[in-house]
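Asks: If you scroll down you'll find the structure; I have some questions about it.
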Amino acid sequence: MRRDIAGIVLAGGQSRRMGGGDKSLLPLGSGSVLDQILSRFGPQIEILALSANGDPERFSRFGLPVLADTVEGFAGPLAGILTGLEWAIAGTPCKAVVTAAGDTPFLPLDLVDRLAAAARDHPGSIAVASSAGRRHPTFALWPTECRDALRHFLVDEDNRRVSDFIERHGHVEVEFRFVQSAGLDPFFNINVPDDLAQAARLLQSMTS
C-alpha cells in the first residue's frame, strides 16, 4: 500500500442517461459502483478522498473526505483533479495524486504502482493509463508540482479538457492489458443502463 501518493476518486459524475444522481452510487453487486471501485483502489493507497460537489452526506458511509471543487462553475473532472492536488499539498505529505473515475468498477489492481513506476522514470511528467491504444486521462498520476499550471489552464484559460492539459504538460502513457479471462477492458465505464447490467454480469462471473 502506497503512503507517498494520495488517491482521488472522481465520484461526482452525473447519470443523466440513467435517471439522474451520481453514477458512483448506482447499485452494483451487494453494494454500489463506488464500493466496487474502493475494493480495488483502496488497498493500493493509504490516503484517499472523494471528489464530488453537492451534499457530502450522501457519501458519509464510506468514511472518506469529500472534496468540493475549489473552482466555481462545475468545471468537470479537471476541477476535481485540481482540488485533489490542492488537498494533497495542504494536508498530506504526498508529492503526487492518482485519480480514478467514479464510474469504472474494474480498474486495475496494480494501477498505482505502475503509474508510479512510469512517473519515477519520467520526473515531473503526468503518467496516464491507456488500454487497447486508447488513453484514459482521468486515470493518471499527477505530480503536485503541476498544480499552479493546472489552475492557470482551468481558470485563466478556461480550458476544461483533461487531455489538452496532459498534452501540454508532458506525459508518459502506461498500457494496461485486458483481463484475458473475461475479455474485460479494466477501464470499462458505466454510461447507460446496458453498461450497468453488463457490469453486474461481469462482477458475478468474477466472484463466482
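Glycine too: its Cβ is placed from the backbone N, Cα and C atoms.
I grabbed these lines from Swiss-Prot:
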{"type": "BINDING", "residues": "Leu10, Ala11, Gly12, Lys23, Asp69, Asp103", "note": "GTP binding site"}
{"type": "BINDING", "residues": "Asp103", "note": "Mg(2+) binding site"}
Asks: If you count CB neighbours within 10 Å, which one among the binding-site residues Asp69, Asp103 has the smallest count?
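Replies: The binding-site residues Asp69, Asp103 were compared, and Asp69 has the fewest Cβ atoms within 10 Å.
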Asks: Out of these binding-site residues, Leu10, Ala11, which one has the fewest other C-beta atoms within 10 Å of its own C-beta?
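Replies: Each of the binding-site residues Leu10, Ala11 was scored by Cβ atoms within 10 Å; lowest is Leu10.
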Asks: When you look at Leu10, Ala11, Gly12, Lys23, Asp69, Asp103, which the record names as binding GTP, what is the longest CA to CA distance in angstrom?
Replies: 18
Asks: Have a look around Gly12 (GTP binding site) and count the other CB atoms within 10 A of its CB, chains all included.
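Replies: I get 24 for this one.
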Asks: Within 10 Å of the Cβ of Lys23 (GTP binding site), how many other Cβ atoms are there?
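Replies: Taking every protein chain into account, the count is 25.
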Asks: Does DSSP put Lys23 (GTP binding site) in a helix, in a strand, or in coil?
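Replies: Helix, per DSSP.
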